[in-house]
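Colleague: Annotations per TrEMBL:
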type     : residues : note
REGION   : 1-21     : region 'Disordered'
DOMAIN   : 37-414   : domain 'Amino acid transporter transmembrane'
TRANSMEM : 42-61    : transmembrane segment
TRANSMEM : 67-89    : transmembrane segment
TRANSMEM : 109-142  : transmembrane segment
TRANSMEM : 154-174  : transmembrane segment
TRANSMEM : 186-204  : transmembrane segment
TRANSMEM : 224-246  : transmembrane segment
TRANSMEM : 258-281  : transmembrane segment
TRANSMEM : 301-322  : transmembrane segment
TRANSMEM : 334-353  : transmembrane segment
TRANSMEM : 359-384  : transmembrane segment
TRANSMEM : 396-415  : transmembrane segment
Amino acid sequence: MVFEKQASASSHALNPPLLPREDTPLLGKGGSRPLSSQPKTFANVFIAIVGAGVLGLPYSFKRTGWITSLVMIFLVAFLSYHCMMLLVYTRRKLESLTGFYKISSFGDLGFVVCGSIGRVVVDVMIVLSQAGFCIGYLIFIANTLANLYFESTFLGLPAKALYIWGCFPFQLGLNSIKTLTHLAPLSIFADVVDLGAIGVVMVKDLGIIVKKIPNVRAFGGPSVFFYGMGVAVYAFEGVGMVLPLESETKDKAKFGRVLLISMIFIAMIYGGFGALGYFAFEEDVKDIITANLGKGLISTLVQLGLCINLFFTFPLMMNPVYEVVERRFRGGNYCIWSRWLLVLVVSLIALLVPNFTDFLSLVGSSVCCGLGFVLPALFHLMVFKEELGWIGWSSDMGIVVLGIVLGASGTWSSLSEIFSMKV
């Protein structure tokens, strides 16, 4: 750990530099803000975790079997909760030491524990995960619009490519905005649309299930285990928001309980949504469950709402990528060309990935396992190594090893699916 940097860190808190440096917190103090009550903290956790990834769960249930998927979801929910709390405990320990500045983000924690290399690792993983989310958004938008309106080629371009390139110039404009404050209210719209879509799909599923006896598989076999784990890890990704959320909580002593209740509630929604979708459409369930709803008025409105939601969420999710890139390569200065280049790269990758849920599994395995499991346990072990008994040490090391194994195996499994390889 970088305990020898206490004095310099303290001096930065008193005299912050004009431009971001390696040891400058990503999130400033920004003055006093009203703290969140327990219900608001619950809502914030829900908003931070639940997103469009839930729409790929029924397909994952089909691939891995419904009992296997349910076990995976609750296992990943518990591991995610545990690792989020490891970050909270690590931050509290470091801030209790004299001379440490306020640790506001995951990257700040990485710097305090491991120095520059810690922040670099966290930054790289955040860039990859956020960009991965945005690639998934473009895949969802293109596949959904192709399913609704136009599935054939036009001027030699497949429908998916046509919709992605159609979004491209508008995304260049949206991502050129320096401050996204005016787009922030759209996050509320996004959450309303997500919840509405979940509700509509579950009602439709129930209407189908009551008319027949589902013919479904309980277990999918070991060959798809890591694939399903990758999707589940992606669905619960939100570890980067846990430190800001805990900072804004009024009663910090009860934050862990609120977080646990939130994760159990989300796991129950995920489990119910995935199981109902699979039971309703069985082996015909598609990688995006809304594609199974047909082209009625309500289902069309839901799918269009989700596309609009993700279209405007794209620049919000890319903003952390721009912050990292501009801090590291542009001295913290705004650069429109680097933003446009990043949007182009994300769009090109989206063109190459055919299946929405396959890509969720890839991002969940390759990046989210590292962010959600490996780094929190590793940082906790490094800070508490003198205080942990053999049980605590074994627990942290076990999570690190588990995260690495899940990440490596899941990445290979997902790439095999994407490239249609037989492993």
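If you go along the chain as it appears here, the first residue is 1 and each next one adds 1.
Backbone N, Cα and C define each Cβ position, glycine as well.
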Colleague: Would you say the transmembrane segment (109-142) and the transmembrane segment (334-353) are in contact under the rule of three or more C-beta pairs closer than 8 Å, pairs 6 or more apart in sequence?
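Modeller: Between the transmembrane segment (334-353) and the transmembrane segment (109-142), contact is present.
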Colleague: Relative to the transmembrane segment (224-246), which of 67-89, 258-281, 301-322, 359-384 accounts for the most Cβ pairs at distances under 8 Å?
Modeller: 359-384
Colleague: Below 8 Å between Cβ atoms, which of the listed ranges 42-61, 109-142, 154-174, 258-281, 301-322 makes the most pairs with the transmembrane segment (67-89)?
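Modeller: Stretch with maximum Cβ contacts: 258-281.
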Colleague: Three or more CB pairs closer than 8 Å, sequence separation of 6 or more: does that hold for the transmembrane segment (359-384) against the transmembrane segment (109-142)?
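Modeller: Checked: the transmembrane segment (359-384) vs the transmembrane segment (109-142), in contact.
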Colleague: List, by number or range, the same-chain residues at least 6 past the transmembrane segment (154-174) whose CB is under 8 A from its CB atoms?
Modeller: 138-139, 141-143, 145-146, 183, 311-312, 314-315, 340, 343-344, 347, 350-351, 354
Colleague: Using a Cβ cut-off of under 8 Å, list the residues of the same chain at least 6 residues beyond the transmembrane segment (186-204) that approach it.
Modeller: 47, 50-52, 54-55, 269, 272-273, 276-277, 280, 289-290, 293, 298-299, 302, 305-306, 308-310, 312-313, 316
Colleague: Please report, as numbers and ranges, the same-chain residues at least 6 past the borders of the transmembrane segment (396-415) whose CB is under 8 Å from any CB of it.
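Modeller: Answer is 79, 82-83, 86, 223-224, 226-227, 229-230, 233, 358-359, 361-362, 364-366, 369-370, 372-374, 376-378, 380-381, 388, 421, 423.
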